[in-house]
Amino acid sequence: MTQAEIKLCSLLLQEHFGEIVDKIGTHLIRTGSQPLRAVVHDTGTSLDQVKKALCVLIQHNLVTYQMHKRGIVEYEAHCSRILRILRYPRYIYTAKTLYSDTGELIVEELLLNGKMTMSAVVKKVADRLTETMEDGKTMDYSEVSSTFCRLADTHFVQRCPLVPDPPESADAQPPPPAPTLSINEKDMYLVPKLNLIGKGKRRRSSDDDAAGEPRPKRAKQTAESKEPIPDDGIYWQANLDRFHQHFRDQSIVSAVANRMDQTSSEIVRTMLRMSEITTSSCAPFTQPLSSNEIFRSLPVGYNISKQVLDQYLTLLADDPLEFVGKSGDSGGGMYVINLHKALASLAMATLESIVQERFGSRCARIFRLVLRKKHLEQKQVEDFAMIPAKEAKDMLYKLLSENLISLQEIPKTPDHAPSRTFYLYTVNSLSAARMLLRRCYKSIANLIERRQFETKENKRLLEKSQRVEAILASMQATGAEEAQLQEIEEMITAPERQQLESLKRNVNKLDASEIQVDETIFVLESYTESTMKRA
């Protein structure tokens with residue numbers, strides 16, 4: 001665990017959950033698994049606050065617990081899961097792209113709350129959609145429920161593990177200090193049969209109803225008269241690994257489109273779509289697919305003949321990048337997508353791009369050359385790259401000092417005499433990817449700190465702007481005249497308006513930069529994970 005990762009985790013926890021949760025979460029990241037009493041003692045926080053913070057972290061799957069041999073429950077924070085908070089906007093946008101506004105709000109609610117029952121999600125989303133509709137229009141629970149089922153069918157949402165029912169003979173035994181959660185794999189995407197009838201409701205602005213009954217009393221009465229929840233105890237969460245699989249597939253399709261053409265990318269997209277449920281997210285290859293199956297699964301209206309498809313598949317299989325491989329001849333030819341090779345190619349392209357941006361095109365040429373040839377002596381680098389000896393030497397040492405390439409010594413004699421030793425330059429792609437990952441984490445931490453600083457510096461102006469907007473909204477709702485609205489708008493002066501525009505522009509740039517850096521992190525992370533699983 002690097003300092004850059006710990007710092008970024010701390011910033012994310014503080015921004016999303018507050019100081020106490022940040023304190024407990026960061027402490028667990030630094031120390032590893034610890035029992036409750038040790039956390040209370042080491043952090044100097046009250047027992048009640050530590051319990052609440054751990055509840056929040058467990059609810060969002062950022063901390064897990066397990067029984068120690070001595071019967072003590074230990075809590076452990078997972079840095080990789082905390083770092084996924086960075087990707088929340090991307091998950092939500094993906095759900096919107098695939099399943100429109102309803103899918104977006106379902107995933108957003110699950111990410112905001114960690115775990116929720118299906119009935120609670122459906123009602124909350126229906127209410128939120130109803131509020132955005134015109135007067136007189138409402139959103140049916142059945143529509144939201146059908147979108148939820150589609151998300152479950154494509155594995156974008158999944159059930160949370162449950163506490164298994166105790167055996168009947170164990171009535172007299174005391175319950176364990178911590179329950180063991182489990183779930184059958186076949187039940188993870190099984191949607192409960194709910195008969196949700198109703199429509200979304202709009203929030204009322206008045207605190208009292210027509211009869212003058214206060215809201216808290218009404219809320220209490222409705223809570224008492226509630227029927228039991230039909231899916232009580234069946235909780236759902238967003239399946240982030242499935243979203244990552246979708247991001248990976250989109251990156252592969254985009255890379256094929258850039259390298260070849262749109263038709264090739266559409267064929268690869270079809271193959272990935274056919275394999276998305278049958279292939280595990282960590283598998284190095286997709287399941288073999290026959291040419292006939294691919295032809296039948298191409299999108300409706302995509303007018304290419306079987307003969308043209310076979311030509312494209314042959315071209316893809318013969319491509320040096322080896323994104324697509326041929327695994328047999330039955331069914332017109334069996335084809336697979338080599339996911340590990342695809343991720344490696346994307347990661348290497350990212351490394352080359354970073355070298356070019358930081359050190360120029362000549363350094364990138366040397367880096368690319370060493371990457372392709374595996375091992376080269378300094379004289380060979382000069383000759384192959386066609387760069388003068390002095391310049392080539394400077395560039396090689398620059399890349400060496402940045403840990404982007406490494407030097408391997410191969411002695412001809414046991415005494416390691418320099419005159420009788422080969423010095424070969426090579427690229428250790430895994431260590432280079434890890435080094436760049438650490439830099440990316442540091443960059444995002446700097447971007448978050450800068451955004452927080454910009455917001456803090458203009459806090460007074462932002463509060464004033466929010467107050468003015470609230471007054472304008474309430475006056476528009478009561479039907480105020482144009483002159484009155486103009487007078488309220490003039491409370492913010494021209495220089496202040498200019499300052500607000502500048503702040504908005506800067507914050508948008510910082511947000512966009514965060515998302516772009518996270519895209520690089522995703523490619524490098526996927527490559528390192530895939531390489532480690534193959535090792």
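Indices start at 1 and increase along the chain as displayed.
For all residues, glycine too, the Cβ spot is worked out from N, Cα and C.
The compositional bias 'Pro residues' feature in TrEMBL is assigned to 163-179.
Here TrEMBL flags 212-229 as compositional bias 'Basic and acidic residues'.
Marked as domain 'RNA polymerase III subunit RPC82-related helix-turn-helix' by TrEMBL: 7-65. Confidence in the domain 'RNA polymerase III subunit RPC82-related helix-turn-helix' (7-65), given as mean pLDDT, stands at 89.
The annotation domain 'RNA polymerase III Rpc82 C -terminal' is assigned in TrEMBL to 146-346.
Annotation comment: TrEMBL describes 351-427 as domain 'DNA-directed RNA polymerase III subunit RPC3 winged-helix'. The DSSP breakdown of the domain 'DNA-directed RNA polymerase III subunit RPC3 winged-helix' (351-427) into helical (H, G, I), extended (E, B) and coil residues amounts to 46 helix, 13 strand, 18 coil.
Annotation comment: TrEMBL describes 160-184 (among others) as region 'Disordered'.
Annotated region 'Disordered' per TrEMBL: 199-231 (among others), in sequence order.
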Looking only at the domain 'RNA polymerase III subunit RPC82-related helix-turn-helix' (7-65), how are its residues distributed among DSSP helix, strand and coil?
45 helix, 5 strand, 9 coil
